[in-house]
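For 7-27, 54-74, 81-101, 123-143, 170-190, 192-212, 218-238, 256-276, 298-318, 336-356, 364-384, 408-428, the entry in Swiss-Prot reads transmembrane segment, with the evidence type sequence analysis. The N-linked glycosylation site annotation in Swiss-Prot covers N76, N239.
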Amino acid sequence: MFLGKAIILILWIFLAFTGLLAIQYYVPNPYLDEIFHIAQAQRFCRKDWDWDPAITTPPGLYLVSVALSPFIGCSNVSLRLINWLVGVIGLPWLINDIVSLLNNRKGDVVTYFAYTLSSLPPLWFFSFLYYTDIGSTFFVLLAYDFALRKSAFSSSVSCFFSLWFRQTNIVWMVFIAVTYFASNMSFFNPHLAEATFADVLLTIISFLGVFLKNLRRFSCPILSYGAVFCSFLAFLLWNGSIVLGDKSHHQASIHLSQINYFLWFFFFFSFPSYIIKYLMSHSRRSKLLSAVFSKKSFLIVSVLLLIAHFNTIFHPFILADNRHYLFYVFNRLFRIWWLKYLGPFSYLILYYFFLDISKLQMTSLTFFLLISTTILTLVPAPLVEFRYFLLPFLFWRFHLPLPSGRECLMEYALHMVINSVTLYIFLFRTFIWPSEPNALQRFMW
């Protein structure tokens, strides 16, 4: 166990410092969205409060940068360093604490798992750049950590801070608040493996009934979370939309395919912990095959085919920018008509995988909350972004069975290989646009 922890920490520290120094050496100037974020932060540091309408997220990251500027300055490297410290030090510590609280255990396996989740490739990559996602993720997880520690006030304050990084975090605040109240009540909440659809509905009704009977008891937590929710409503009334700045390219829509893309994302980055063990079990393989070839599956595939046909959205941002990996997924793969319609059959298998592993330890209420929050986070977004999947991925992993130490090490190795490759591609596989002959373009998540 000591050797495993040593390998994880040495590799983590080595790649963290290598990435920081290499990106600052080869990419010293702001790149892609950093052009807007760094310029805005540096304006704030000069006490110039003019807002760039191209920026559609709140100014939380810039305000933190202004607060820290007397100590670290406001240069490009100083601003990037803020995210690096949070991503490399803050997130592993915070995830370790959350996993310990949820599983009521400490030790090497929890540490392995914390670094495994922190090494999730898109999350790890953006720790080196000045983007809002690292701060957003940190404050949402901090709010959840406080809720698990029964501190509703601290949790609600963290939720408030998270809204200054990304507006859609209001959905996660609702999840966190309900989780807090549920952990302090006794109500009908059967294990998912033993629950029917009617039981899930009864769980929701039972929770609401007990909650309403305990309003006086929960008055302080209700006021804490309620104040944050009211501040969000006030922002909506003032701004007229959830989006700041230019709203034309960020209109809400119904994008059901997002859930399918998330499933692929989830299993691609976690297959050493779940799919390998799943496939090695004869009983689970048999159960999966019988489910896939059932009459119910025919109906599910039919719905998935309709979603693929009518709800595969080719967002202009993705098709116009060949610097992102998703450009090649949509512009090359999804343009192949038969491949688009082959996808629903893979989604069906992933749906059954997902449901089966969720039944291993999840309660009905937790499953309902996670499903609802994931849908509300992803489905309204017409733009597909790997960064949108980060919080759903982490919260689902928190509530699934803790992998073994060996499985964590395999998943960590997968992540770090991908991180090394994507860092190399970002730094050295550059190309030039004819329209900008003096600027190097780079591939990234």
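Residue numbering: from 1, along the chain as shown.
Placed from the backbone N, Cα and C atoms, the Cβ positions cover glycine too.
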Distance, N76 (N-linked glycosylation site) to N239 (N-linked glycosylation site) (CA atoms, angstrom): 30
Contact check, the transmembrane segment (7-27) vs the transmembrane segment (364-384), 3+ Cβ pairs under 8 Å, seq sep 6+: no
Same-chain residues near the transmembrane segment (408-428), Cβ under 8 Å, at least 6 residues beyond its ends: 4, 7-8, 11, 15, 18-19, 22-23, 26-27, 109, 112-113, 115-116, 119-121, 124-125, 269-273, 276, 442-445
Whether the transmembrane segment (336-356) meets the transmembrane segment (81-101): three or more C-beta pairs under 8 angstroms: no
Most Cβ pairs under 8 Å with the transmembrane segment (256-276), selected from 123-143, 192-212, 218-238, 298-318: 298-318
Long-range neighbours of the transmembrane segment (364-384), counting only residues six or more past its ends (CB under 8 A): 168, 171-172, 174-175, 178-179, 182, 189-192, 195, 199-200, 203-204, 207, 249-256, 258-259, 261-262, 313, 315, 317-318, 326, 330, 358, 391-392, 395-396, 399
